[in-house]
Each structure stands twice: as structure tokens, then as C-alpha cells.
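Note sheet for the following structure.
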């Protein structure tokens with residue numbers, strides 16, 4: 001098929017006010033151009049992409065947030081004669097590619113924008129007759145095996161038969177910055193992805209727990225960020241690493257051992273908050289899911305967030321491990337996250353699962369947490 005345009009559609013952007021909608025459209029176009037070598041036109045709720053490489057376009061458009069669906073199409077003039085000629089050629093290609101034959105039930109879906117001397121129904125009936133004459137296949141408006149779409153917009157027409165799902169969401173970079181705590185595990189990369197899908201620019205903060213973790217953890221983190229960068233065209237992820245091993249050692253030496261994981265998470269939040277203030281981010285994000293591990297009981301979630309004034313968002317909070325894993329598989333981070341990296345050896349045998357604010361504050365004082373956080377923060381690279 002000799003496509004000459006790809007039609008991209010957005011969803012909730014269209015529900016915004018005209019001013020916000022225009023701003024979001026401009027950002028979406030900018031991100032599309034960052035992902036694809038192309039020219040782009042905007043017109044009445046559609047984005048028309050003219051790529052130099054159609055294979056690259058179809059592959060990368062699936063990773064541009066804000067795009068709900070897209071269709072490779074052929075264009076022509078919006079009159080009966082040109083539509084008949086172009087549709088006939090289009091159907092010939094569908095026959096050659098095995099999409100339609102004399103027994104294929106089909107339907108024409110026509111949409112029209114602008115002033116014309118025909119209605120959408122009249123154009124649909126006309127296009128249907130073109131297909132029947134070409135192939136001899138039956139029309140079935142109720143349960144068609146193939147839908148052929150004809151969009152007539154002012155003096156142009158577009159013909160296509162596929163609607164490919166995009167990632168949806170909002171254009172990346174329209175909702176401000178967030179600091180995401182990203183490990184080499186399964187959950188936090190998914191949390192970062194979901195915040196990107198909601199339009200947030202991501203600053204990924206990784207806590208390097210060496211010597212309690214091995215070099216594989218850091219290597220896998222780098223691979224995960226590289227994979228997530230494929231969804232961040234136009235607004236790349238900023239990667240930051242804090243040396244966190246000394247903080248953990250101080251927590252283990254000065255506070256009850258069972259509080260290690262609680263103090264670890266508390267320190268992460270406070271370092272992330274300082275980083276957020278430095279880079280103008282508005283929230284902290286983590287991969288917490290209620291009850292999944294010891295540090296994610298409701299008691300611990302409350303206690304570890306004490307002393308942090310910035311919003312802490314947990315997009316996975318109500319998802320189970322299977323749901324999170326499915327998303328990780330879809331976005332390409334699961335195969336990296338499941339690699340054996342040795343884990344963290346600072347985890348106590350019996351971690352605290354019912355922490356309260358008073359005991360956490362006492363443990364923070366015992367380890368001189370404020371000083372330890374300042375020292376760790378200065379190590380961020």
C-alpha cells in the first residue's frame with residue numbers, strides 16, 4: 001500500500017478549553033516530531049503526519065503519549081471522481097494483500113467535515129458501490145469483517161482501513177515535573193511510565209545501596225531508564241543517582257535493626273523532596289502497592305512519609321503484582337527487572353510492618369537522619 005499520510009487522533013485533549021487544547025496540541029506535535037522524522041499538520045481535532053519513513057513512524061508513534069489511535073492512509077481530493085479513483089486503487093491493494101475477497105463482509109464508515117454537496121450517508125453509499133463493483137463482496141453494516149474509512153475534510157479526503165491503538169494519556173511535558181524513586185525492580189519503572197503517560201516530566205532518582213547491593217543493580221537501573229527513554233521523546237528522563245550505602249549503614253548501626261527498611265524509605269522520600277525543590281518538581285512518585293512488601297503496609301506508608309511536605313504519589317497503590325507485571329511486560333522493562341541482581345543485603349530478617357510516627361521519629365533521631373540525608377544528598381550525580 002502506498003500510504004502518503006498517517007492520521008493521529010487524541011482523546012481527552014479534546015475535552016480541554018480551547019486555550020489549553022491548543023497548548024496541548026502544540027506540545028503533542030513537538031513530541032511527535034522528536035520521535036519521528038516528519039512534517040505535521042493540525043486540523044480540526046486531527047493530526048496529519050507526513051513521515052519520511054513509514055515503518056519508523058508506525059513503530060514510534062505507539063510510544064508518543066497523547067496519541068489515542070492512528071491510521072496509515074492515502075489522501076486525495078474530496079470529490080466523487082477523485083475519491084472513486086483513489087478508493088478503487090486502495091481496494092486493489094487490499095485484494096492483493098489478502099484483506100478483502102468476494103466473500104468478505106465489509107462496511108464503509110464515512111465522516112465529513114465542512115460544506116459539501118453530499119451527505120456522509122450519500123458518500124458512504126457511493127463508496128460502498130465502488131467496492132462492490134471492484135470485488136463483488138457483500139455489504140454488512142452490522143457485523144463487517146472489514147471496515148473501510150473515508151474521511152472528507154473540506155476539499156481533501158482520506159481513506160484507510162486500520163485504527164492502531166496508541167498509548168493514550170496526555171502529551172509528555174504538559175503536567176510539570178516529578179521525582180520518581182526508581183530501583184531495578186518491577187514496580188517503580190511502571191510507576192514512572194504511568195506518570196509519563198499522564199504528561200509528567202520524570203526525574204528518575206536511584207539510590208545506590210552499595211556495599212549492600214552489587215554493581216548489577218546499578219547496571220539494570222541504567223538499562224531500565226534506557227528502555228523508558230523510548231517513551232520520552234521530546235522530554236527525556238533526567239537520571240540522578242545518590243550514594244545511599246553510608247546512610248543505610250548509619251541506620252543499621254544506630255537504630256533498631258527491624259526499622260532499617262522504614263528508615264531507608266523515609267530517607268529516600270526526604271532526599272527526593274530536596275531534589276524536587278532543586279529542580280522545580282511538584283511531587284514525589286514511588287512504586288508502592290498496598291501490602292505487597294513489608295515497607296508497604298498502611299502503617300508503614302503513613303510513618304515513612306511523615307516529615308515530607310511535598311505530595312507523594314503512588315500510581316500502583318491499588319494494583320496487584322500480576323497487573324503491574326503485565327504493564328512491565330508491555331513496556332519492555334520486565335525482562336530487565338527480573339534479572340538476578342543479588343538484591344539488597346541491608347534488609348533485616350524481621351522487618352517492621354507496623355511502624356508508627358513516634359517510633360520512626362525516635363529512630364530518625366537515634367541515627368541523626370538529618371545529617372545523614374545532607375551527606376547523601378551532596379553525593380547525587
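A Cβ is built for glycine as well, from the same backbone N, Cα and C atoms used for every other residue.
Features reported for this protein in Swiss-Prot:
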- 181, 182, 265, 287, 296: ATP binding site (BINDING)
- 55-163: domain 'THUMP' (DOMAIN)
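Its Cβ taken as reference, residue 181 (ATP binding site) is surrounded by 22 other Cβ atoms within 10 Å in the chains shown. Around the Cβ of residue 287 (ATP binding site), 25 further Cβ atoms fall within 10 Å across all displayed protein chains.
Counting every protein chain shown, the Cβ of residue 296 (ATP binding site) has 22 other Cβ atoms within 10 Å.
As a summary of secondary structure, the domain 'THUMP' (55-163) carries 42 helix, 31 strand, 36 coil according to DSSP.
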